[in-house]
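> Below is one structure. I have some questions about it.
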Amino acid sequence: MPGTAMQSDHRWPPQLTAWERATNLPLFALALLFLVAYAVPILYPGLPAWVGTAATAVYALVWAVYGADFAVRLAMAGRGNRFRFVYSHPLDLVMVLLPMLRPLRVVRIVVLLAEVFRRHAEASKRFQAVFYVVTVTGMILLVSSLAILDAERHAPDTQVADFGDALWWSIVTATTVGYGDMVPQTVEGKAIAAFLMFAAIGLVGLVSGSLASWFVDRVSAAEETTERAEFVELRTRMERMERQLAEIHAALAPPHPGTDLPAQRPSSAAAHAD
């Protein structure tokens, strides 16, 4: 699967792996800062104008840092591996190439957080699937709620007046329930709804795939345990048979030269002659 290259059979240069491990937490912190900068002006629209300016500065800072990180990792991948690196890290590339336009901020923040959560999850292979599904689901619901609130709050005949309404709309839309009690009125709101619908379909596939993989792993582990027990039992039986064959062979083998033979009883003819 693209975007999980470090888990594939291809071995990247050790300096690239070390760089990604060292930058996981700083990039994770920047992603959270990006989310806060996006959420605060939407949740508190009455704040001074400098708050919006500061949020825009945070957007630019995070974009610059992620662009520099992508360039460094691309260089560390080596000249012969750069195309493979770009192909296996599509989220990173999308994050860098997306312009800083307001309608694309939702896509940018989703891509950013998804990639950071993916890289952070690699540190724990055992809980990677669960961690990724839970965090990505929560992240998409949160960002979609913020985006629809920002787009619909001031629209005529709006049905999304606060964050509670926006969160309810996101949950209903993502689960494909579609009560119809809240309908986007703006073009941007409808685009966000379409994005959330397609994202929800992808999440359903991700959850289904994770559950299927978990069941397959459990069945495989049970079969492996059974096969191992059968192998141990078979080996024990073979060793017992080998010992028995060795004992039979020793009992039937002729005596070695020089070994005292047991005294033979006189034949019946010799006994009659006496």
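Glycine residues also receive a Cβ, built from the backbone N, Cα and C atoms like all the rest.
Keep in mind that TrEMBL annotations are predicted by a computer and have not been checked by a curator.
So TrEMBL lists these for the protein:
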TRANSMEM  25-44  transmembrane segment
TRANSMEM  50-72  transmembrane segment
TRANSMEM  129-149  transmembrane segment
DOMAIN    150-216  domain 'Potassium channel'
TRANSMEM  192-216  transmembrane segment
REGION    252-274  region 'Disordered'
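Locate each feature and note its surroundings.
Long-range contacts of the transmembrane segment (50-72) within the same chain: residues 19, 23, 27, 30-31, 33-34, 37-38, 40-41, 44, 89, 92-93, 95-96, 100, 105, 108, 112, each at least 6 residues beyond the stretch ends and with a Cβ under 8 Å from a Cβ of the stretch.
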> Let me know the model's mean pLDDT on the domain 'Potassium channel' (150-216).
83
